[in-house]
């Protein structure tokens, strides 16, 4: 398995376009090698109301890093005429030290396991096979409806959990 690490070159604000970190990040997100087995991870952190969710999710008019990367991955796959791909997605939240499945809300308090065959994985986490960017984005929206949120002084609808969106390209 191949890994590539990089940092976004600047901080963004809630008034910044989500396109800015996506297009100014060297190397490109996702790396074109994602169709050749490279892993790519984008990690957003910061204080409450600093724009993490907006940067990752965006809006319909200003898509975030995840929707932009999903669309680009499907473009990269479409350009590979000599092979077929299988794409799977999962979406989980970490809330009060519990792992909850955002695509199957009845799957709560899931456990992390490690085996030689599967590597590190979350047992019982739903994984959907996807065939279009629209399908992926619909799953993300479905998962967002199951997230834990609450009001803070800085944000009326603050996410109270951390999320992990995973897209596997095989």
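Just so you know, glycine gets a Cβ as well, placed from its N, Cα and C.
In TrEMBL, annotation is done automatically, which means it is predicted and not curated.
It should be emphasised that the depicted structure is a prediction, and the values quoted were computed from it without experimental measurement.
Per TrEMBL, the feature region 'Disordered' maps to 1-32. For 1-170, the entry in TrEMBL reads domain 'Kinesin motor'. According to TrEMBL, the feature compositional bias 'Low complexity' maps to 12-23. Summarising the annotation, TrEMBL assigns ATP binding site to 46, 47, 48, 49, 50, 51, 52, 53.
For the binding-site residues 48, 50, the largest tally of other C-beta atoms within 10 A is found at 50.
A simple way to gauge crowding: the CB of residue 52 (ATP binding site) has 20 other CB atoms within 10 angstroms, across all the protein chains here.
With the fewest other Cβ atoms inside 10 Å of its Cβ, the least crowded of the binding-site residues 49, 51, 53 in this structure is 49. Per-residue confidence over the domain 'Kinesin motor' (1-170) averages out at a pLDDT of 81.
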